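Undergrad: What follows is a structure written as structure tokens; I'll ask about it next.
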Amino acid sequence: MDPPSEADEQQQAYQDPALAKMEALVRNMQLPDTGVPVRSQKLFLTSIPSAFLGYDVVEWLTDNLDIEDQNPVAAEALHLANLLCAHGYFFPVSDNAKTFAIKDDSTLYRFQTPYYWPSRYQPNNTDYAIYLVRRSLKNKPKYALEEYEQEALQRLKKLLYHKWEYVLMQANEQATLAKDLKKTDKLIQQSQERAYWRIHRPPPGCTSCLEKSPVPNKRGPPRKKTKDDLKREIEILKRNLGRSRTKVSQILPRCEDYREFDSFLSNLPPGNPWITDDPTLWTVESTMVDTPSEKRLKRWALSLEELLSDPTGVHEFEIYLRKEYSHENMLFWKAVQDLRHGSHQDIARKVTAIYDEFLCRGAPCEVNLDSETMEQTQGALEKPSRFTLDSAQQHVFTLMKKDTYPRFVRSDHYRQLLVKASLLQQAQVQRKRFFHFGSSTKKKTSVCGPLAAGLPATLGGTSGGSITGVAPSSLGGAASLSSSATSSGTSPASRPPGRPLSGSTVDLRNSVDRREQGAGGGVGAGVGSFFSGRHSHSTSDLHKLDTPDCSKGHSAR
């Protein structure tokens, strides 16, 4: 075992100031002139080298540390001596000592060498294995391993199997070197090494004061803040004012999830309410409907909060929970919501009713709460308020979020809602296409053929020409113009049979035929019966035009 360097000693002493103080005290105790008297002690017929008595230590501590104790045995000095012995700075000479404690009598003790002080050397499994193997090589009974040491040796063989040959080689080498020592030196070294491992590897049932905590506390005493420290803290707080408390890694996934539902990021059909001042979008999303839209269903799948914020979602979720025989959680959640947002005068009555229906033992719709939440709720019932059942509601909400809500999103009920929404959307698209066929611009109406041939020059009509912008609004006027053109002997441009006039939804030729086949009442009757309304694409009524051609046509017939 290599001795530690000076830097390691300084670092260890800095980390353990209590050990540094104890070591300074032990050095003073080992001074040859003013320290504890150390000499060879006679015990029966044997001589024990480098030993001192227990009451010598207590007396030295009482005299040198100014301990004022009127009792025969100085309790404070004895306690300090026991601490030094428990840390391994001196130990009982007897091999049969079960505990390392100081007695104020003639019991013999020996100082530990500085090499084995706690601040100088930290043990490891390899050194402990070498020590146990070296003791097992000796055949004398006093060097035999105890039961706990034999078990430790077997565990170390399994743990250090990859370098067990090195352990055996080191044990044999150290045993060979120990043979060259004097008997007194060998006896002292063996007792010091055994005491060291007795402190760091205690037997079962014994505690070690050198055992370290799992997480050492390296923080020193609190330092008083200076003016510069306060200024630095103020600057940090000012910088944090404009800093977001939410991480960007959490914001980005949420923005991606809500992109298609945000009216600022996507063009939603009713329009952005913040721009158009039209709350239709919010109204549509919050109304109760039989078949929700596909967009609303997709929003339900984002989180349980989104599902419960939609009244249709609450209704459908409750229907699913009734199928699963777990609707009492939903009923309890709705009852607590009604309590929080209801009238103030009925709070005590509502709290009692909710407790009797959902929380008490044997309730008709008892919900599952843990013991801690139930105790908190029962304590809050002494002073009922809107927030008495908040802890129970939060527990039920967590149960639904972790259990029933994921099953609802994966259920056939939710899939059927998606299918219905998809079919409804397709039907709406087909209906829209059916009622919005053709061009959206209106065609200009034109009068051609026999109608244009009989118009006078004042209206812009020529033989075989057309009038644009003027359409007949009554069937009688058109018939008069047609008969006038026929009697004058003009030959109008021919038009393919079966083709309607351009720009009109009424075939004037068919109208003339119907007028001729009607019951006779004269021309005036025909005009009055058929030309009674305006044409769909006209702003004028031709039967009101007072033209000479029309009068000629009527007189000819």
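Glycine residues also receive a Cβ, built from the backbone N, Cα and C atoms like all the rest.
What you are looking at is a predicted structure, and each value in this text was computed from that prediction instead of being measured.
Straight out of TrEMBL:
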- 32-113: domain 'DEP' (DOMAIN)
- 208-230: region 'Disordered' (REGION)
- 303-418: domain 'RGS' (DOMAIN)
- 476-493: compositional bias 'Low complexity' (COMPBIAS)
- 476-557: region 'Disordered' (REGION)
- 518-527: compositional bias 'Gly residues' (COMPBIAS)
- 538-557: compositional bias 'Basic and acidic residues' (COMPBIAS)
Undergrad: Just give the helix, strand and coil counts over the domain 'DEP' (32-113), going by DSSP.
TA: 23 helix, 20 strand, 39 coil
Undergrad: Just to confirm my parser: what is the rounded mean pLDDT across the domain 'RGS' (303-418)?
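TA: Across the residues of the domain 'RGS' (303-418) the model's pLDDT averages 91 on the 0 to 100 scale.
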Undergrad: For the domain 'RGS' (303-418), how many residues does DSSP put in helix, in strand and in coil?
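TA: Split by secondary structure, the domain 'RGS' (303-418) comes out as 82 helix, 0 strand, 34 coil.
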